[in-house]
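Participant: Right, I'll just put the structure down here and ask away after.
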């Protein structure tokens with residue numbers, strides 16, 4: 001017994017599968033979905049349950065063409081009243097009742113309606129309605145035409161599909177027939193596929209028939225005009241009700257205001273009236289406001305399908321799954337065609353769309369402000385056109401144009417020289433001034449500038465005194481006596497820390513002493529260009545007299561142009577002879593004031609503290625004569641006395657303030673270092689915050705330890721101090737990398753020619769005093785072209801470290817006569833690049849000095865022809881050049897001589913020889929009457945009978 005599936009039963013009955021499934025469940029059948037299968041008897045039972053609502057298929061078939069004929073007749077007739085269609089329908093007592101019946105009754109097949117139409121009589125009410133003329137329903141006509149076209153396309157498509165299936169079947173039959181050895185299994189597979197395709201085709205046809213039935217069912221008509229009229233009437237009624245309520249509220253407010261005015265006192269009436277008036281205004285504003293129109297209810301019903309012949313769920317039951325949604329372009333076009341559509345606004349508002357911008361008024365152009373030209377312009381070399389334009393407030397293009405008219409091609413980023421800038425300013429009528437560049441890293445300018453110190457603020461400052469002399473002559477004892485006397489005067493603490501300098505007070509005035517090894521430290525500072533000493537105390541022992549180091553100290557003081565006070569020490573000894581010391585010093589240029597000189601002499605005994613007060617008074621007297629002044633109001637400048645590295649404090653420097661006032665936290669540049677004064681201590685080891693002129697202090701806070709003799713200066717801020725310190729360190733490094741060329745006898749002429757020297761500085765050391773005097777007198781007599789020999793220092797004894805230091809400071813060389821330098825001096829001379837000349841014959845020293853001084857004059861050379869030769873044959877050698885075979889006819893041809901090539905009495909070439917040979921041997925010269933071969937450097941055009949003239953350049957001796 002065969003079975004049927006529920007969806008097949010639904011197709012036969014023309015019902016939806018879910019209705020059949022629901023009816024089967026009502027009948028008590030155990031079914032799960034439309035794919036469930038039932039027996040034929042059960043299927044007949046389910047079909048019988050639908051019989052009262054379903055029309056028989058046999059009666060529907062002959063009625064279908066009749067309906068189409070009637071529709072065609074309706075289309076062909078001219079616009080009839082719409083009631084004519086209703087005559088064919090079953091009569092109803094009223095039109096509204098008819099609409100309700102259509103809504104309430106379930107949708108029946110169209111065939112049943114078609115059969116019922118001719119059977120129903122026309123009632124008199126319908127005739128009454130037909131008398132009213134109605135407009136033609138164009139929408140219904142369009143739908144009818146669309147249905148007919150869909151039916152025709154469907155029939156054509158079905159025919160084409162049948163033909164295609166027949167062709168495919170024949171093709172498959174032919175293919176299978178060609179295979180003789182095909183098995184039964186393949187035949188069964190083919191048959192199954194064919195059956196499957198037939199079943200799919202059958203289901204498609206059934207779906208199409210079902211769609212046709214649904215489309216033929218008449219949809220209930222909706223009168224949109226009546227709906228709109230009813231909605232509008234409802235809105236008007238709502239507006240009238242709201243207006244009436246607001247009007248009543250307004251009247252009630254007015255009545256309440258009137259009653260309140262009658263009840264209340266005059267003072268209260270005014271306040272209450274204001275409140276009620278405000279309420280009345282609010283109510284009036286509400287009355288005047290137009291009520292918002294209610295938007296019509298949105299029709300949420302499903303829109304009618306664009307293609308009635310195509311079901312949305314057509315492909316849901318296929319094997320490939322549901323079909324993807326296609327983009328509906330018709331809806332996009334509908335949006336574009338709407339009146340208030342905004343789809344193209346972005347395109348219209350694009351920047352380059354000229355159609356939009358045609359009617360727009362152009363924005364007014366902002367006028368440039370006119371700037372007057374400045375009267376003065378301060379410029380620097382290398383300024384660009386853009387910088388000049390910004391300074392004078394003009395466009396760079398304008399300046400470029402002016403430069404072009406002046407014949408200068410320039411761009412706005414091109415640098416201009418000072419002359420061009422001045423010409424440009426003349427064209428504009430502006431006075432141009434060149435800006436004076438100030439080197440911020442140059443500390444020396446503070447020491448030489450006249451405008452740095454304020455003349456009105458100058459005050460007297462303490463003198464700075466350096467004690468010099470031979471070590472055994474009592475220098476150390478004198479320093480100790482001065483210190484002990486200071487402690488004895490009651491200054492508590494004494495000198496607890498050695499910082500290189502200290503101060504004492506005499507008669508209410510301060511004196512600063514530098515506690516340094518006299519001449520050595522003095523010369524080191526002199527070599528660095530530092531001169532901090534105001535007065536020199538030269539200590540000479542009365543029993544020993546003038547010693548070599550005493551003479552050196554005298555020369556150092558004279559080189560620094562510092563006044564000398566002679567302290568004749570050890571006068572308490574039995575063998576003391578001060579008069580002899582005065583005479584010996586007079587021989588070396590130190591004359592006493594009693595003898596008509598300018599040096600003060602004081603006889604003291606440092607051991608027994610004798611005449612120490614007189615020595616200090618003499619120092620103050622000399623300082624008063626010098627009129628030592630300083631300005632304490634400016635930023636501090638001075639010199640480094642000594643420096644060291646401390647484990648706990650870092651770099652510690654002892655400074656001597658020469659001008660201005662040094663404060664704690666001042667940004668400072670010391671030599672090639674920089675920093676900020678973090679802490680400051682005086683010579684007693686006490687912390688101070690301020691240090692005036694001629695005050696020695698020890699400071700911390702530097703990034704590195706400076707060199708003794710370096711200058712220091714206080715800057716405005718730490719930023720400028722850092723920049724100056726870094727720039728000075730950079731310059732020092734570059735200077736160190738460059739080879740420093742010292743003066744020697746060979747390059748003396750070049751140095752003098754460059755204008756670096758105006759005299760020759762010499763230090764003379766000899767074995768005996770007579771040799772020193774003779775050599776000094778002989779050298780000073782040499783006078784060539786105004787060049788003078790300056791004897792910086794002359795003494796008896798070996799060449800020591802002090803001599804090398806003095807030579808390095810004075811840029812001099814040392815002449816040693818019958819003496820030798822010590823190992824330490826030789827090592828220092830090599831390190832400082834100081835030249836030492838050693839001689840044993842005096843006239844050779846004089847000749848060497850004369851030759852060095854004559855070298856200052858421009859050398860004169862004279863040409864001297866040494867020989868002539870004639871070219872007899874030429875040989876051209878590849879990769880070598882032309883070789884000329886020659887014979888010397890006069891004199892000789894030397895390898896180091898220059899040659900001229902003379903042809904027909906005309907000099908063709910002048911140059912040097914590349915090679916000279918006699919046969920195959922290289923020779924230095926070829927003499928008269930001999931033959932040889934030569935090559936000229938850089939010249940190969942040698943020909944026969946050319947004359948080769950050999951010559952040399954000889955310097956004319958003076």
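Heads up, the Cβ atoms here are built off N, Cα and C, so glycines get one too.
Feature table excerpt (Swiss-Prot):
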type     : residues                  : note
COMPBIAS : 50-67                     : compositional bias 'Low complexity'
COMPBIAS : 68-89                     : compositional bias 'Basic and acidic residues'
COMPBIAS : 96-118                    : compositional bias 'Basic and acidic residues'
COMPBIAS : 138-153                   : compositional bias 'Basic and acidic residues'
COMPBIAS : 157-169                   : compositional bias 'Low complexity'
COMPBIAS : 185-195                   : compositional bias 'Basic and acidic residues'
COMPBIAS : 290-323                   : compositional bias 'Basic and acidic residues'
COMPBIAS : 337-346                   : compositional bias 'Low complexity'
COMPBIAS : 365-374                   : compositional bias 'Basic and acidic residues'
DOMAIN   : 460-627                   : domain 'tr-type G'
BINDING  : 469-476, 515-519, 569-572 : GTP binding site
REGION   : 469-476                   : region 'G1'
Participant: Kindly state the mean pLDDT of the region 'G1' (469-476) in the predicted structure.
Facilitator: 76
Participant: Using DSSP reduced to three states, classify residue 469 (GTP binding site) as helix, strand or coil.
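Facilitator: Its secondary structure by DSSP: strand.
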Participant: Which of 472, 475, 571 (the binding-site residues) has the most other Cβ atoms within 10 Å?
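Facilitator: Comparing the binding-site residues 472, 475, 571, the most crowded Cβ belongs to 475.
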Participant: On the three-state reduction of DSSP, what should I expect for residue 475 (GTP binding site)?
Facilitator: helix
Participant: Provide the three-state secondary structure of residue 571 (GTP binding site) computed with DSSP.
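Facilitator: DSSP assigns residue 571 (GTP binding site) to coil.
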Participant: Provide the three-state DSSP residue tally for the compositional bias 'Basic and acidic residues' (138-153): helix first, then strand, then coil.
Facilitator: 16 helix, 0 strand, 0 coil
